[in-house]
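Worksheet: the structure to be examined is printed underneath.
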Ligand code: FAD
C-alpha cells in the first residue's frame with residue numbers, strides 16, 4: 001500500500017484550498033466508515049476549508065449497515081452510497097479500510113496524530129434475552145441472520161436451519177419485519193437483489209411457511225413503521241394470521257393517537273379485523289405461507305426438542321399493560337403459554353461495544369457518554385451515529401446527529417478550544433505504525449476494484465452485485 005499516494009492527494013487538496021485560506025492545517029480522523037463516519041466527514045469538509053479528514057474502517061469495504069444491514073430488497077435506501085462516494089473522492093478526504101481501531105492502532109495513537117478524533121464505529125454487539133435455552137441450535141440474533149443474508153464476512157458460515165415450518169421472531173421493530181419478509185419472500189423476487197447467492201440457495205430450500213412476530217407490549221407500542229408493515233401485508237403468496245381479540249379497544253384508541261402511529265394502527269386493524277374484499281380473500285385463500293403479529297408476550301425459555309440440542313418451541317409469559325402509550329410497561333399476568341417452532345430469531349436490539357479501554361464508555365446505556373458529540377472528559381475526542389445515540393434511528397437520523405457532532409468539532413477547532421495551530425502528522429504518523437504491525441490498509445480506489453468485481457459477478461447472475469464474503473478475497477481483489 002502506498003501511503004504517499006493518499007498523502008499526495010491530501011497535499012494537493014490542501015495546496016488548492018491553502019491558496020484561498022491562510023488558516024492552520026487541521027487533521028481530523030473518523031473511526032468507522034458507515035453512515036455516521038461519512039456524514040461526519042461530509043459536514044467537516046464542507047464547514048472547514050482547511051481540514052483533512054481521514055476515515056479508518058475495520059473492514060476492507062465501506063458503508064457499514066448500508067451494506068450489511070439494509071435489506072437487499074430495499075435498493076433505494078442504498079442510494080446514499082453515491083453521496084458517501086463523493087465524500088470519499090473529496091480532495092481532502094482519505095479512506096483507510098482494513099484498519100481495526102483498538103487492535104491495529106489505539107485511539108490514543110490516533111489522538112496523538114490528529115487534532116480531533118471522531119468515533120463512529122456503530123453498534124456491533126447483540127443484546128441477549130437472558131433466558132435459558134438462548135444458546136440452542138436454531139436460535140439466532142437478528143444481527144447475525146441479517147449479516148448472513150447480507151454477506152457480512154463474520155456471519156458467512158451461519159447456515160441457519162430453515163428445515164422447519166414455523167419461525168418465531170422476538171421483537172417487532174423494522175429489523176424484525178425485514179427478517180420476516182426475507183424469510184417469506186418469493187425466491188424470484190429475492191433473485192433480483194444483491195442478497196448473497198449462498199443465502200438465496202438456502203432460502204430456496206427453506207421449509208419455513210409461517211412466521212410469528214412477537215412483542216412484549218401491545219399493538220400501540222409496535223416499533224416497526226408503516227412502510228415495512230405494508231410490505232408484509234402485500235407480500236405475494238402470504239396471508240396474515242392475526243388474533244382479532246388482541247385488537248379489542250383499538251378502534252377507540254385510534255381517535256386520540258397522533259399520526260404516523262394512527263396510520264400504522266389502522267393498517268394493523270384493517271388486516272386483523274376487517275373482512276377482506278373478494279380479491280384479497282382469494283389471494284389469502286391461495287397463499288401457501290403466513291405471517292402474524294403476536295402481542296403481550298415475553299420470552300421465558302427457549303425449549304429444546306427430544307435431542308436436547310435443537311430448538312422446538314418457546315415458552316412465553318403473557319403480559320398486560322400498565323399505563324398508556326409509549327411509556328406503558330408490560331407486566332406478567334402469571335399466565336404462561338408455549339409456541340412450537342423450529343427457528344427463533346431474536347430482534348431485540350443491537351449494542352455498541354467498547355473498543356479501547358482509554359475511551360470512556362457507559363456500559364448501562366452502551367454508548368460513549370457525550371454532550372453534543374463531545375466525549376466527556378476527553379478533549380479532542382468526539383462520537384457520532386449509533387455509538388453516540390444508541391442503536392436507534394434510520395439513516396436520516398444518523399445523518400442529523402453526525403452533522404451535529406461535526407458542528408461541535410468545527411466549533412472547537414475555530415474557537416481555540418482545540419489547539420489547531422500545532423502541527424499534527426495525521427496519516428503520515430499512523431502509516432508507519434500500521435506498516436510495522438503488518439497492517440495493509442485498503443484505499444477507496446482499492447474498494448472500487450472490489451466494487452467492480454462484485455458488480456461483474458452479480459451481472460453474470462442477473463443481480464446488481466454478488467458480494468465477496470471473505471476478507472482475504474476482498475484484500476486479494478483490492479490488490480490486483
Ligand atoms: P454502522 O452503519 O454500523 O457503521 C459503523 C462502521 O464502523 C462499520 O462500517 C464498521 O465496520 C465500522 N467499525 C466497527 N468497529 C470498528 C473499529 N474498531 N475500527 C474501525 N471501524 C470500525 N435505516 C434506513 O434509513 N433505512 C433502512 O432500510 C434501514 N435498514 C436497516 C436494517 C438493519 C438490519 C439495521 C440494523 C439498520 C437499518 N437502518 C436503516 C438503520 C441504519 O443502518 C443506521 O441508522 C446507520 O447504519 C447507523 O450508522 P453508524 O455509522 O452509526 O453505524
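Count begins at 1; order follows the chain as displayed.
Note: Cβ is positioned from N, Cα and C throughout, glycine not excepted.
The domain 'FAD/NAD(P)-binding' annotation in TrEMBL covers 27-184.
Annotation comment: TrEMBL describes 36, 57, 65, 101, 386, 393, 394, 395 as FAD binding site. Around the Cβ of residue 394 (FAD binding site), the number of neighbouring Cβ atoms within 10 Å comes to 12.
Residues or ranges marked as NADP(+) binding site in TrEMBL: 172, 173, 174, 175, 216, 217, 228, 393. DSSP assigns residue 174 (NADP(+) binding site) to a helix. Residues near residue 174 (NADP(+) binding site) in space but far in sequence (CB under 8 A, at least 6 apart, same chain), listed by position: 223, 224, 225, 228.
According to TrEMBL, the region 'Disordered' annotation covers 450-480.
Other C-beta atoms found within 10 angstroms of the C-beta of residue 57 (FAD binding site) number 29, with every protein chain shown included. In space, 173 is the closest of the binding-site residues 172, 173, 216, 217 to residue 65 (FAD binding site), judged by Cα positions. The two recorded residues, residue 386 (FAD binding site) and residue 175 (NADP(+) binding site), have Cα atoms 15 Å apart.
Looking only at Cα atoms, residue 393 (FAD binding site) sits nearest to 173 among the binding-site residues 172, 173, 216. When Cβ atoms from all protein chains are considered, those within 10 Å of residue 216 (NADP(+) binding site) total 21, not counting its own. The DSSP breakdown of the region 'Disordered' (450-480) into helical (H, G, I), extended (E, B) and coil residues amounts to 19 helix, 0 strand, 12 coil. Nearest neighbour of residue 216 (NADP(+) binding site) by Cα distance, taken over the binding-site residues 57, 101, 394, 395: 394. Its Cβ taken as reference, residue 386 (FAD binding site) is surrounded by 29 other Cβ atoms within 10 Å in the chains shown.
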